[in-house]
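Enquirer: Can you keep this structure in mind? I'll have questions shortly.
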Amino acid sequence: SDANASYLRAARAGHLEKALDYIKNGVDINICNQNGLNALHLASKEGHVEVVSELLQREANVDAATKKGNTALHIASLAGQAEVVKVLVTNGANVNAQSQNGFTPLYMAAQENHLEVVKFLLDNGASQSLATEDGFTPLAVALQQGHDQVVSLLLENDTKGKVRLPALHIAARKDDTKAAALLLQNDNNADVESKSGFTPLHIAAHYGNINVATLLLNRAAAVDFTARVRALLCDIRVKHVKWILDTPSPTGGGSRDR
């Protein structure tokens, strides 16, 4: 109805009194548009903290999801609306809610380089180990996007080392020595394996990424792999692998490349 649409417009624009008038006149506080976006979602996206707070006080559903499975916390995290994120979490929002494709609020904040939001979510129980359908963790996406401060923050909070594995593989894929050195700083195991059994050195060799491969070898990555992997290394970019193995290690290793 017109009243429903006007209510949603008022919430999106941050017009608190107008929005409250519509509620008083019988509009359902949780009414959605055709995409499943309600007033809380729209106000959260635009950073209207006062509107968000008032809607929650009037028992708007804090974890209501859009058609794509996004909650207000997903939307605020993606938009970098730190104050809204704090209000939502304080009012019981599920920090580990996953959308249809497995995205969490932490993943969205990490992807968009919203450092303050990432820190707040981590401090309030957000899990780094929840991955998307494609297997990407918040650390993996931050690394891929080159968000160095977010990467550092996630690593500092990764006390059990659960999420380092895919990130190191991505650093090897991108030939990113800075990220690889950061990842190896607190964990000297350069031979961590992916689910398919490949180590970061396999991936660096596969793509001919000499810089990361050299760093990994300086960190004592094992060269004597299984027959399957040796065949891979022989088959792909032989000259790169040979160059890596034949080149003397630079003194001091790769840890200074930061």
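Cβ coordinates come from backbone N, Cα and C, glycine included.
Below, the features straight out of TrEMBL:
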type: REPEAT; residues: 35-67; note: repeat 'ANK'
type: REPEAT; residues: 68-100; note: repeat 'ANK'
type: REPEAT; residues: 101-133; note: repeat 'ANK'
type: REPEAT; residues: 134-157; note: repeat 'ANK'
type: REPEAT; residues: 196-228; note: repeat 'ANK'
Enquirer: Near the repeat 'ANK' (101-133), which residues from the same chain, at least 6 beyond its ends, have a CB less than 8 A from one of its CBs?
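Expert: Cβ under 8 Å, 6 or more out: 68-71, 73-74, 76-82, 85-86, 89, 95, 139-142, 145, 147, 149-150, 153-154, 157-158, 162-163, 166.
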Enquirer: Given a Cβ distance threshold of under 8 angstroms, which distant residues of the chain, six or more beyond its ends, lie next to the repeat 'ANK' (68-100)?
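Expert: Same-chain contacts beyond the ends: 36, 40-41, 43-49, 52-53, 56, 62, 106, 108-109, 111-112, 114, 116-117, 120-121, 124-127, 130.
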Enquirer: If you average pLDDT over the repeat 'ANK' (134-157), what do you get?
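Expert: In the predicted model, the repeat 'ANK' (134-157) has a mean pLDDT of 84.
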